[in-house]
Amino acid sequence: MASGMAELLRLLLSVAEKAANVARACRQEAQLFELLVQEKTGADKNKKFVQDFKTLADVLIQEMIRHDVCAQFPELTGFIHGEESNKFENGLGESVTVRVCAQEEDTTALLAKVLDGDQNAASLLTKVIHQDLQIKDETAESLQLSISPANVGIWIDPIDGTSQYIEGKEEEQPDEGFCPFGLPCALVLIGVYLRSTGQPVMGVINQPFNRKDSTGKGWKGQHLWGVSYGDVNACSFTHRRPSCPQKKDDLSVLLSSSERPAVKDALAAIPGGSLMYASGAGYKILCVVQGLVDVYVLSEGSTFKWDSCAPHALLRALGGGVSDLSVCMRAHVNGNKGHAAELTYHQPHNQSQGVDRWANRGGIIAYLDSSVIDKVVAALAGKI
């Protein structure tokens, strides 16, 4: 059974790259991009333009991943979860369930129905969805894991960092790998967790807009993966030690620009502390994975299981983690230092409704080195 998970990882790398192709096509094909940024005005303002095309791109990616994974691993049927509902209403008021069909022409026909008869857009999307794409990664393929795909579930975030995906300026280039906003913040996230414990065991992150291609017109992407289970910890990203190490006491803290002032002030007061800001929850955890910052802190319950599952698995593979901030704060009050309280992914909050059932309600703290938890929690104690 050992090779089943390696096969699943290889498949997830391939479907994530297909997802990135959908994301790039929607930005680079003029006809699709017009749909993506279309502002509804006048009489059309109230006509839900196919609920907005961005949602369709999201749903399509989600359903494509579901289709491709279940075709190869039928035991995962019913255990692949995403953010989006696949029920759509088109401009004519017809309800359409978006799914990827076995035959290309059937997918085109279904998409044309969602897109109010726009055959060209439907064909462009279908072509990308049905391409046979195989990513080769020898390290990933050689992994031996003692779990079976029948014991795991999957969280998909089709395009994390929506606003940056739609509004991102083409000319923005990351600065030394760190990009506070723009297209590089938009990510495809696929996380795999154990059904029994909710522990994240595998993650794939695809960054469709990593850098400009040689023509300067299109974008090239990159992918990262991580696996953490039992005594296996493997990650495609390995840390290059900086040639001049930071002073040991410095702490770079990544926040959302909308974080509350009390949190910003408390963390800014940490000796040697510096605050940085970026867009997209998944991207902020990726910055921790890549060692661009020491810790990402969010005091609100505004992220969800699909945002954190994939990057959490990469952090675990590198010896870090993603913890529930409020549980860490309570542990600190009770004198229980160094309490990790890592997030799990298998149980909803049953007293909540809709997507809130899957919120990371206590806020989050993402780190490579767990010693930062105590520093952050001590700084916030009594302040929030």
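For all residues, glycine too, the Cβ spot is worked out from N, Cα and C.
Please treat TrEMBL annotations as automatic predictions, because they have not gone through curation.
Residues annotated as signal peptide in TrEMBL: 1-20. Positions annotated as Mg(2+) binding site by TrEMBL: GLU83, ASP157, ILE159, ASP160, ASP307.
Other than the site residues GLU83, ASP157, ILE159, ASP160, ASP307, same-chain residues with C-beta atoms no more than 8 angstroms from the centre of those residues' C-beta atoms, the Mg(2+) site, are ASP58, ILE156, PRO158, GLY161, THR162, LEU187, LEU189, ALA281, GLY282, PHE304, TRP306. Taking Cβ-Cβ distances under 8 Å and a sequence gap of 6 or more within the same chain, the neighbours of ASP157 (Mg(2+) binding site) are GLY82, GLU83, LEU187, VAL188, LEU189, GLY282, PHE304, TRP306, ASP307, ALA310. Fewest other C-beta atoms within 10 Å: among the binding-site residues GLU83, ASP160, ASP307, that description fits GLU83.
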